[in-house]
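**Q** Positions annotated as Fe cation binding site by Swiss-Prot, on the basis of sequence analysis: His114, His118, Asp301. Annotation source Swiss-Prot lists substrate binding site at Leu136, Val137, Ser138, Gly139, Gly140, Asp169, Gly182, Asp186, Asn275, citing sequence analysis.
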Amino acid sequence: MKDRYILAFETSCDETSVAVLKNDDELLSNVIASQIESHKRFGGVVPEVASRHHVEVITACIEEALAEAGITEEDVTAVAVTYGPGLVGALLVGLSAAKTFAWAHGLPLIPVNHMAGHLMAAQSVEPLEFPLLALLVSGGHTELVYVSEAGDYKIVGETRDDAVGEAYDKVGRVMGLTYPAGREIDELAHQGQDIYDFPRAMIKEDNLEFSFSGLKSAFINLHHNAEQKGESLSTEDLCASFQAAVMDILMAKTKKALEEYPVKTLVVAGGVAANKGLRERLAAEITDVKVIIPPLRLCGDNAGMIAYASVSEWNKENFAGWDLNAKPSLAFDTME
C-alpha cells in the first residue's frame, strides 16, 4: 500500500509550526518557529504581533518541514490544519497557507481541533486504547475529556474562570518573572516550602469543575500586602505554595473523574503537562491506570500533534471545504 504523508499546520497562538506525518505514527518532521522573545517585553502574547510573525515565517517552515522529512510537495497526500480554538488572526494565517497548499495540489483538507491535537500527541508514545480520560492543561484551557474512541471527545469538566497556565503566567508577572513563567515557577517551587495557605477552590465540591481565579487573587493580595508593609517574602516558598495548591486541585478533580469514568488510560497533555511537579504527583498518586504524557517536545503547541489528531479524521473522511474558517472559541462538541 502506498505511504500516506500528511502535511500539518499549527498557528493558533505564538508558535508557527509545520510537520509531516508518515502513515499513522511516524513523525518525519516537526518544525517550530517560536515567538516567545518577541512577546516577553509585553508579558504575554500580543495577537497582532503573533499574526505578523506567522506571515513572515510560514513559507520557510513549510519548506523546512518537507526537506527534513525527505519528501517533495508532490508526495503529500493530505493537508491538516488547526482551525480553532485560538487567536483568530493567528489561525487565519495557518488556514490560508494550508488551504492554498491543498488547493494547488488537489489534496483533501483535514480540519483539526487544537485541543484534540494536544490530546492525540500521546499517540507518539504508544497506541492509545479507548475509552480513555484526558486532563488537558495549557495557557488557555483546563479540561477533563472523556474519549470513547479516536475523534469522539466529550468534555466532562472544565475551568469556570482562569486556565491553569494563565494563572501561572499572571502570578509570575506579579513576581517579576520572565514570560512565560510556568517553567521558572516550577523550578523555584522545587527549591521552596509550602508554607503559605492558599485556597483550593471547589476541591471538595461534587463536580469535575475547576477554578483558579480565587487562588490567583489570594496570591496577588498576599504579595501586594507584603509590599505595602515593606515585608520580604521568599519567592521560592511563594512558588512552592502556589504550585502545591494548583496540583492539589488538579489531582483531586482528576481522581474524581477516574472514579466516575472507569478507564484504563489517563492522558495528560498541553503545555502545563511539561510541569515537573505535576508529573511527580501523577507518578505518585495515579497508580491504578496507565498514565501517558507526551514527550516534552510535543507538550507545547506544535504541528506534530495536529498531524496525529488528523489521522482519525482522515479515517472518517472528515474533510473540509474551501470555506473552512477560523473558530477562535471552538469546543470539542462543535467540530466540523
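The backbone N, Cα and C atoms fix where each Cβ goes, glycine too.
A description of the local structural setting of each listed feature is requested, covering burial, neighbours and distances.
**A** Cβ environment of His114 (Fe cation binding site): Glu10, Ser12, Thr82, Gly84, Pro85, Gly86, Asp301, Ile306, Leu330 lie under 8 Å away, each six or more residues apart in the same chain.
In the shown protein chains, 24 other C-beta atoms lie within 10 A of the C-beta of Ser138 (substrate binding site).
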**Q** Just the number: how many Å between the Cα atoms of Gly182 (substrate binding site) and His118 (Fe cation binding site)?
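**A** Answer for this pair: 17 Å between alpha carbons.
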**Q** Excluding His114, His118, Asp301, please set out which residues of the same chain place their CB within 8 Å of the center of the CB atoms of the Fe cation site, keeping sequence order.
**A** Glu10, Ser12, Thr82, Met115, Gly117, Ser138, Gly270, Asn302, Met305, Ile306
**Q** Between Gly140 (substrate binding site) and His118 (Fe cation binding site), find the distance joining the two CA atoms and give it rounded to the nearest Å.
**A** 12
**Q** When a 10 Å sphere is centred on the Cβ of Gly182 (substrate binding site), how many other Cβ atoms does it contain?
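**A** Around Gly182 (substrate binding site), other Cβ atoms within 10 Å: 22.
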**Q** Can you check what DSSP calls Gly182 (substrate binding site), collapsed to helix, strand or coil?
**A** helix
**Q** In sequence order, which residues at least six apart in the same chain have a CB under 8 Å from the CB of Asn275 (substrate binding site)?
**A** Gly182, Asp186, Gln243
